[in-house]
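A quick write-up on the structure given underneath.
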Amino acid sequence: MAPKQLPAVLLATCATLLALAAPLLAGDPDMLQDFCVADYKSLDGPLRLNGFPCKRPENVTADDFFSAALAFPGNTGNPVGSMVTAANVEKLPGLNTLGVSLSRVDYAPWGVNPPHTHPRATEIIYVLEGSLDVGFVTTAGKLFARTVCKGELFVFPRGLVHYQKNNGGAPAMAISAFNSQLPGTQSLAVAMFGASPPVPTDVLARALQIDGGLVEAIKSKFPTK
């Protein structure tokens, strides 16, 4: 093979490898069997996996694929006026390896689901009651925002900071779907001001360009766990 042909061959090889890897990078790994119901008891032992080990098939029942977790409204009597109820693999063992999950979000009047990210999933939200002001911010700092009314959808791309706000004086409710059995949620405020051990005050003061005393005052509203 002539030396000048080598870069083209390497480029083609890299493109092929990236194409083959794309399904693995897009979300949770594909399953290799009909189901793999999470065996929570196995977590008591020394084995640790990226996910959950499978129950033996003879121990699986229909209840492993059922949940009424989203049937009841969440308690929105908190400072932000919203409550997220998750139906993920930690609550519904039959979701293990299936790469999907849901959440119910209840909003008090004018309640907010504060800015947060889902590091492992894209989210699509469907408004069932009321209307929401929603938005996400790109890595370039651009805000995409609009109002989403009852019966409408909005997509939050994976990993980007986003929020929702009930824009009315009555309760609202939405269902969120994710392309991960455990999408993860990281609240920006909690990450900065409620981490354990805490993020140094001087770091936050300089990053946010505010006084250290104000940082401490905000930290007091987010007690560490």
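Cβ coordinates are placed from backbone N, Cα and C, and glycine is handled just like the others.
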**Report entry** C36: disulphide-linked cysteine among C14, C54 [source: TrEMBL]
**Finding:** C54
Query raised in the report: Over the domain 'Cupin type-1' (68-216), what does the predicted model average in pLDDT?
Result: 97
Query raised in the report: Given the recorded positions C54, N113, H118, which lie close to H162 (Mn(2+) binding site), meaning Cα to Cα within 10 A?
Result: N113, H118
Query raised in the report: Mind checking how the domain 'Cupin type-1' (68-216) divides into helix, strand and coil residues in DSSP?
Result: 22 helix, 59 strand, 68 coil
Requested in this report: Report the residues of the chain - excluding N113, H118, E123 - with C-beta within 8 Å of the mean position of the site's C-beta atoms, for the recorded oxalate site, in sequence order.
Outcome: S103, H116, T117, I125, F156, H162, S176, F178, P183, T185
